[in-house]
Amino acid sequence: MDYLKGLNEPQLEAVTTLEGPLMVLAGAGSGKTRVLTMRIAHLITNLVDPFHILALTFTNKAAKEMKERVAKVVGQSEARNLWMGTFHSVFARILRSEAHYIGFPSNFTIYDSQDSLNVMKKVIKELNIDADQYKAKKVLSRISQYKNNLITVKAYFNNPELLENDERANQKHIGAIYQKYVETCFKNGAMDFDDLLLRTNELLTRFPEVLAKYQDRFRYILVDEYQDTNHSQYLIVKALASKFENICVVGDDAQSIYSFRGANIYNILNFKKDYPDAVTVALEQNYRSTQNIVNAANVVIGKNLQQFKKNVFSENEVGEKIKVYRSLSDADEAAFVASNIWQLHNSEQMNFDDFAILYRTNSQTRAFEDALRKKNIPYRVYGGLSFYQRKEVKDLVAYLRLLVNPNDSEALFRIINLPTRGIGDSTQNKLIVFADAHNIPVSEVLNNLGQFAPNLQLNNGIITKLADFWAMIKAFQVMLKEENAYTVAMEVAKRSGLIKNLKEDQTPEGISRVENIQELMNSMQGFIDEQIQVEDGDPSLSNFLENIALSADTQKDKKDDDSPKVSLMTIHLSKGLEFPVVHLVGLEENLFPSFMSSSTREELEEERRLFYVALTRAEKRAYFSYAISRFQWGKITDAEPSRFLSEVDSEYLELINPAIESRFVNHSGLKSNIFDEAPSETRFFKKKEPKKSLNRDEPQIIPKNLKPVSTAKIINPSGSSSQDIEVGDRVRHDRFGVGEVQFLDGTDPQNIKAKVIFQHEGEKNLILKFAKLTKI
DNA sequence: TTCGCACACTTTTTT
DNA sequence: AGTGTGCGAA
């Protein structure tokens, strides 16, 4: 058993304790994934049929990675029978085969958050409830809370405390909305994310034979990131494990960062109460990071009251101090990070994939993308708007969803008039009202248009349009029985008029939308190929749709080459990953910790755990940065440094732009450094940056007949002459894009104004000192 | 019914 | 800044 070699003592115990409940408290970087992998391998080596093993993870990525690693140890064929996946995908699969028990079609649609929100908006509207007082998003998150705590509509109405609570919060209609929302989803044959867990619970509690079946099947259960399970997930795991009690949970309470979506940290804190015989193993040695990083992270997380006592330590080198950079603006911060990466890449031959830029919110990405692009540094943004959430992609997907599940009226009304075919709002409303009144799905009305037409109060022209539309959908459905999903989707894209509609828009955005559709088709082909290759693969359209609903893949649209790239992601997404160099950016009050989470101690502690997660991603070096002002909500906002900065003992920190004092860092570590302390305003002209190769699609539409009016030169404020801007130069501006300098005015080098005509933005007067123009 | 424009709101994190 | 919503005109 080679794979047991090289494990430390607690790791070995965690891997080899196969029977009975086991809790592994795995500190950051302590080899958690390795332990999980080896444990599964060890189970299989000890003749447990992989068929009886269930491993639950939080992300598809984690599941995929673990499966691959297990396969390396025990071989492909053994690994294949494992059930390994996210809670949502595993239970979606179970629900599909057992759907009839709870009155759902087995091809039920899965609503993503966007779909749920749309449905909720309609529900509120239909109930004639004031949409200002009942914000769809808020209502939805409230209902999500209820669902995750197994409070059904009925339970809600039977619970005086909840009723009173909502009444006092001036939300007395929540119950009615909740009811209507659930009804709508049910009628549509759809489940939202929370339903996948709630309905699984329903299935397991109401039907003992189903429970028994899966209890017997899943004799060994492993749960990764147990600290992030919510109550609903907790109950499922508990029910499934209650027969054999071979349950192994792995987690770290210090890394619980999902309470906003119902994660209940007490699930892990109380594991011992649920299973008094449980063996607990603590993995405390961090193999990932330098001592400085581990110690700094410990100090911060130590401020939290709510936690297990752990002693995470590192025996790696002490390492460098964490560098802190104070910047003037978000753009300045991004420029620092980019040049720092460039510098390390050149001077220490580090690869670009050794770097990560971690931030609190997705909206912070843009500045970094700009800065990295300017330096020609390859990068990849993770998360953000998923490819499958783009409008044009969702539109085509809506057609496909409708083919699989004609009751999905959310999909139906999304595309019934797209591209416009004269079926407007009032017609749609009539359809809805009529279907509601007769208590049948809208698809039924469309199926029997001839019969219902006289009662629909629609003119013949509209009836014809409806009939045509529905005939088209029907034809697609017939086709789906004979052809594969790809062929059908292609036909849908063409015959629905979607592609034609998109092609009419010849702007760059329009062209990229067509490309996105093409990419969707490609990913579909890829999916089908993949499914055909595996033994029990399912290349059906319905399986494809489930897959995209449960995966937030952002990368389908980019050319997926494997060249090293800098990673940009939110801290949440970075959990479980590690990088030699981490830039943790935007360390400002109200950004991190978020202004939404500074009011209660619990919220603040979660933000602190988030900080802990971020810092412990770093192997060798960590950089903190913050800006004193930031472009936000369309205007410049002042910012204070994050409280977390002051929570790190200064012995672990080093300020790297000492020209500016900071009240948080002592000045012992002032040294010359990569920045040679140039304050950032004066650096704009000084930097000779690698230029992007000639830009592909910028049309030359600057009028040639405009003559320069002045030949005044700008004297570079920093004394360097490499970037002097003259009349007639083509320049690039961060926001306005490419333009030509028409006119320069002023002799004081600090105050020269330039008139620039931009290709898209037209004429602007800019003060050179501030405008950050780059000559191109 | 469709289109275009003014406006309001946004940004916390994800399956 | 960017996107979604609602209203009024064609």
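Using the three backbone atoms N, Cα and C, a Cβ is placed for every residue, glycine included.
Taken from TrEMBL, the feature domain 'UvrD-like helicase ATP-binding' covers A:5-290.
Sequence annotations record features per position, and here TrEMBL assigns ATP binding site to A:A26, A:G27, A:A28, A:G29, A:S30, A:G31, A:K32, A:T33. Note on A:T33 (ATP binding site): other Cβ atoms within 10 Å of its Cβ, all shown chains, come to 17.
Annotation source TrEMBL lists domain 'UvrD-like helicase C-terminal' at A:291-576.
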In three-state DSSP terms, the structure that A:A26 (ATP binding site) belongs to: strand
Near-site residues: ATP, ref A:A26, A:G27, A:A28, A:G29, A:S30, A:G31, A:K32, A:T33, CB cutoff 8 A to centroid: A:V35, A:D252, A:L283, A:N286, A:Y287, A:R288
Cβ neighbours within the same chain of A:G27 (ATP binding site) - under 8 Å, at least six residues apart: A:D252, A:A254, A:A282, A:L283, A:E284, A:Q285, A:N286, A:K310, A:V312
Under 8 Å by Cβ from A:S30 (ATP binding site), counting only residues of that chain that are 6 or more apart: A:L283, A:E284, A:Q285, A:N286, A:Y287, A:V312
Neighbourhood of A:A26 (ATP binding site) by C-beta distance under 8 A, where only residues 6 or more apart in the same chain count: A:K32, A:V35, A:V250, A:G251, A:D252, A:L283
